[in-house]
């Protein structure tokens, strides 16, 4: 026994450590790039993002410098398009180990419209997202105490609003800091950070650059040096954003040798330079495990003791002669509903089967995606890989959805199996696709890069119609061909009347609402980090912890629901199908309530689209949680009721 417990805890620790060890290697397809001294190191720009609006923008829609001949699009996969990535070339010229001092890029004279756009984007806190050798740019800025610090997620701001006069200023100079590590064949990029600075540039001797002449590129500036890198202390005046303002964009390139190996260069991004100690996740996991252990002991002690007593009493009474039975007290408890407990749901049995099948499909998708991420198959170095993997897994899991919904519908003796299968194939995917297309049209109207191209929308639709729907029908075919689920008791023709609940807590609606609190509390801390990653552009890669939390939520949902269904049966309430579904599924309700409170952390703009995006997608996520955990609770209770009613003797 002690050996088994030790093995369990060693396995648990190993599972948690997957989240850190998975960052130390790269799978085939992500190869290191080695540069020779002086070789060009391309700098690419991604979409501008803002946590306040949640609406990504094209980098070149603002008055920034463009490369000669215009920007070129980088090759992107479907997942990148669906997650709002738009990676393009840039005009910055960077060469390996070559420092650059006060390099002029271009000059832009702001029109009224351009100045208005810049002011608006600075107000809404938009950030640049640059990429060198597949590494996102960290931001170098000042902390609350004036110390220099790095932020490894979310890019760096395009400007700032002065606290004293409320005027907008643009960061028109950047110090591009690149860390490199030497190898036998050359050098590799292992770090990338940008320090944005705002400086009102002026030429020596009062020279005026029209912005399109080569002469201006050679003229020296009074505001920065060609022999030393620009620092905050060198800046006398920041660059104001206003109509007809002439903005000169410049940059420095600073190379630093680093002991960090190429295989470990993502570690600092994923840990946010240890901004959140790993102990926070460990404490959360430990507390959640303690909750599960306590709940398991409680459920086992209550159910085992009560069920053993009930079963012995029922079987002893069944063994008595008829005249002796009359002398015994009347039967009470869950045995009285033996002729009704397996009666199909009184309301919407087909919808119940559809939700159960859809929940199984989503549960498999989430489990597979978390496991693949935990072992490193879905790396953040592959942008959009998680989204693409979840889409593919979800489509292929249609077999499970069709199989489970058909098995249940056959057990309920439903006659419209074709309708049930079609509903399973269309209900949740159709709702998700409809919301996606609706938001995509609005984002396209707002000129946001978050709007997926029409071709990619067609690809998603083709995957749904050409792969997912046929697989749902394939699963339903095997489900209807399989033997019907056998119930240990015979269902009577007339349903038994349900007496009023004996107390407040046994009222079905009360149980449905309160049951989801325990699973939600068990996942609360990890949910906070997931929400932060989802809506605040933070990296999240501790999927070992996520996997454990997901399993803990499944276990707690199952245990709480079984316990509550047992008490409902004891109260002679045989309508447990929907009750069990909503008991465990109410975790989604508490998650949605939490998302309403958490929304304040975004400091979101008052744009209607921001509210629609946030609450629309959170509703979709929570509805998915309802189906997943509702399916878990109902399937556990189906197993539980079949077990206990198979142990008693019924006339």
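Positions of Cβ are set from backbone N, Cα and C atoms, glycine also.
Just so you know, TrEMBL annotations are computer predictions that nobody has curated.
According to TrEMBL, the feature signal peptide maps to 1-24.
Cβ atoms under 8 Å from those of the transmembrane segment (282-304) belong to residues 12, 16, 518, 521-526, 545, 548-549, 552, 555-556, 559-560, 562-563, 566 of the same chain, restricted to positions at least 6 beyond its ends. Residues annotated as transmembrane segment in TrEMBL: 282-304 (among others).
Per TrEMBL, transmembrane segment is recorded for 351-378 (among others).
The transmembrane segment annotation in TrEMBL covers 384-404 (among others).
Away from its own ends, the transmembrane segment (425-446) comes close to residues 55, 354-355, 358, 361-362, 398, 401-402, 452, 457, 460-461, 464, 468-469, 472-473, 609, 612-613, 616-617, 620, 623-624, 627 of its chain (Cβ-Cβ under 8 Å, at least six residues beyond either end). Positions annotated as transmembrane segment by TrEMBL: 425-446 (among others).
Sequence-distant contacts of the transmembrane segment (458-480) (same chain, at least 6 residues past either end, Cβ-Cβ under 8 Å): 78, 82, 357, 391-392, 394-396, 398-407, 410, 417, 420-421, 424-426, 429, 433, 436, 452. The transmembrane segment feature in TrEMBL is assigned to 458-480 (among others).
Marked as transmembrane segment by TrEMBL: 513-535 (among others).
Counting residues 6+ beyond its ends, the transmembrane segment (541-567) has Cβ neighbours under 8 Å at 12, 15-20, 22-23, 270, 281, 284-285, 288-289, 291-292, 295-296, 298-299, 302-303, 306-307, 334, 366-367, 370-371, 373-374, 380, 506, 511, 515, 518-519, 522-523, 526, 529-530, 576, 579-580, 583-584, 587, 629, 632-634, 636-637, 640-641 in the same chain. Feature annotation from TrEMBL assigns transmembrane segment to 541-567 (among others).
What TrEMBL records for 576-599 (among others) is transmembrane segment.
According to TrEMBL, the feature transmembrane segment maps to 611-640 (among others).
Same-chain residues lying 6 or more positions outside the transmembrane segment (611-640) and placing a CB less than 8 Å from one of its CB atoms are 54-55, 355-356, 358-360, 362-363, 366, 404, 428, 431-432, 435, 439, 442, 516, 519, 535, 553-554, 557-558, 560-562, 565-566, 576-577, 580-585, 587-589, 591-592, 595, 599, 602, 604.
Within the same chain, residues 76-83, 85, 353, 356-358, 360-362, 364-366, 368-369, 372-373, 377-378, 421, 424-425, 460, 463-464, 467-479, 631 sit at least 6 positions outside the transmembrane segment (384-404) and bring their C-beta atoms closer than 8 Å to a C-beta of that stretch. Through the fold, the transmembrane segment (513-535) approaches residues 51, 54, 276, 280-281, 283-284, 287-288, 291-292, 295, 505, 542, 545-546, 549, 552-553, 556-557, 560-561, 564, 583-591, 594-595, 598, 602, 614, 629 of its own chain, all at least 6 residues removed from its boundaries and within a Cβ separation under 8 Å. With a threshold of 8 Å between CB atoms, the same-chain residues lying at least 6 positions outside the transmembrane segment (351-378) that come near it are 15, 18-19, 21-23, 25-27, 345, 385-386, 389-390, 393-394, 397-398, 400-406, 408-409, 412, 414, 420, 423-424, 427-428, 472, 541, 543-544, 546-547, 550, 577-578, 581, 624, 627-632, 634-635.
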